[in-house]
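Per TrEMBL, the feature transmembrane segment maps to 38-58, 70-95, 101-124, 145-169, 181-201, 222-244, 256-276.
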């Protein structure tokens, strides 16, 4: 973090040039100046303040609904650490080295804030591993190992703070403090790379279908975590290089190195977590303690189910099926499924299919006309003068069909007398 070097600019006091102090620390970003560092630092102060407001607003809104996502609170804490860092750097730019306490506090917050994001990423990686490989992710060994890494984040931060204070205030113990800072930088590098290593091994190892949780696609969760861990690895690598290379090139300690590898990349993570709503995509049901608990009641609201989630659950049955959806239907519309238990073929992939074997007489079919609306006036008038039913056609008493009548001649016993 620091090294014993001579400053490049002499100090002026009382009109005479004085020799610089024999030992002056070399910091990442150098000594801030009012003309260059203050305007840039004010911009980052506003950006991190906005990030803190977004994350704490999301946390409070979820808490009112009984959905407590504590990781949003941790992101708020990280933003506030960066806000404090910017404030002390602005004070440092105006006061200079006359106030060693301000310089000490500014460096403590600058080097100890990123570990909060490391802990958040470890939580996310643990949930993804449990969803991809439940037998490994829920094993007691892995659970205790992941929790151990998470709890080392505050422990290593406290250790680094003590080492920084000893390095500034007790020059006789500077060598031992530098060793402690090197150990802390190595440990932080391991913490930031661990989620990437876990996801690589879990993706390379064959396993069951990932148990999706929260909202959104599972690939989006893994991609967001890979982006965050990769971005934070850059800043951790720069701090690790400085810890082991005190007399490194000036470009390593320059202001551009501080603002690009630290503040800009860290704010990208803050903005990405706020934009993609980590409180929704990484949410798990309360009380999850074993395989299957992430998907059990994983969607607290019925509207959180998507057609892909429904098809994924149907695909677990192992029977052939067809998903029937209407053309132009959005994801909030109904989903119809046809199951073929007696069919030995593999299940179909999700696709928009038309209803098979539609009878031709129903192709251009239409609904019957709606009945006429009966008002209250119709009811009152109908009670006084009800409508007569239509009369049937008049027919004969015994005839059931029209019969043509023809004259007939009968014989009589008196006919022979007339002949």
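Just so it is clear, glycine is given a Cβ too, placed from its N, Cα and C backbone atoms.
Because the structure is a prediction, the values reported are computed rather than measured.
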Could you check if the transmembrane segment (101-124) is in contact with the transmembrane segment (222-244), meaning 3+ Cβ pairs under 8 Å among residue pairs at least 6 apart in sequence? yes
Quick one: find which recorded stretch in 38-58, 145-169, 222-244, 256-276 has the most Cβ pairs under 8 Å with the transmembrane segment (70-95). 38-58
Quick check for me: are there 3+ Cβ pairs below 8 Å between the transmembrane segment (38-58) and the transmembrane segment (256-276), leaving out pairs under 6 residues apart? yes
Cβ under 8 Å, sequence separation of at least 6 from the ends of the transmembrane segment (256-276): give me the contacting residues as numbers and ranges. 28-30, 40, 44, 47-48, 51, 54-55, 58, 75, 78-79, 82, 110, 113-114, 117, 120, 220, 224, 227-228, 231-232, 234-235, 238
